[in-house]
Amino acid sequence: MRKIILASGSPRRKELLELAGVPFEIIVSEVEETIGAYSSPSDIVMSLALQKASAVAENNSDHIVLGADTIVTYESRILGKPSNKAEAKEMLQLLSGKTHEVYTGVAIIAKDKTVTFYERTEVTFWELTEEEIDAYVASKEPLDKAGSYGIQGKGSIFVQHIQGDYYSVVGLPISRLVRELKQFNIDVTHA
């Protein structure tokens with residue numbers, strides 16, 4: 001039987017697959033995440049997801065491999081994972097009181113088929129005080145997250161409004177993924 005392999009070390013993606021009852025194994029993709037010249041954020045996340053999944057699929061061609069990537073954008077600026085606390089603070093100041101977009105791209109690769117898709121979610125932050133930002137950055141939570149916040153953690157208190165898929169902001173649009181897996185004869189809704 002074909003296994004599902006998650007090409008990611010993200011604890012959030014792992015948790016979402018577990019919550020949905022998707023059986024899987026993890027093989028972390030060692031692909032260097034580089035953003036080339038793309039026309040849109042959706043192209044970027046789908047391309048990076050495909051690169052990650054492809055790298056793992058090379059040695060696991062008998063299985064189904066999932067890759068995913070998430071970016072945050074504000075006014076055409078891409079906000080990836082901050083490289084340090086100062087950059088995290090700068091990103092949070094930029095997002096304070098404003099609406100930004102979160103894009104998560106997913107690639108599903110099997111021997112006979114490849115599917116890519118993305119979800120776009122709008123997130124609006126409350127106005128943040130410097131003290132709130134400093135305390136959050138000091139917690140180190142934002143340092144491994146696109147846009148410098150985790151909506152499922154302490155960063156949730158910054159969110160005034162969300163339009164779209166919450167789980168996509170966490171890192172994996174699990175409802176859409178489960179539906180797309182049906183194309184690969186994987187149905188976890190009856191498990």
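Sequential numbering from 1, following the chain as shown.
Placement of Cβ uses the backbone N, Cα and C atoms for every residue, glycine included.
According to Swiss-Prot, the feature site 'Important for substrate specificity' maps to ARG12, THR70, GLN152. Sequence annotations record features per position, and here Swiss-Prot assigns active site, proton acceptor to ASP69.
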Simplified DSSP label at THR70 (site 'Important for substrate specificity') comes out strand
Within the same chain, the residues at least 6 apart in sequence whose Cβ is under 8 angstroms from that of the residue listed as 'active site, proton acceptor' are GLU33, ILE44, VAL45, LEU48, ALA49, LYS52, THR104, GLY105
Smallest number of other CB atoms within 10 Å: among the recorded sites THR70, GLN152, that is GLN152
Around the Cβ of ARG12 (site 'Important for substrate specificity'), other Cβ atoms within 10 Å, all chains included, total 21
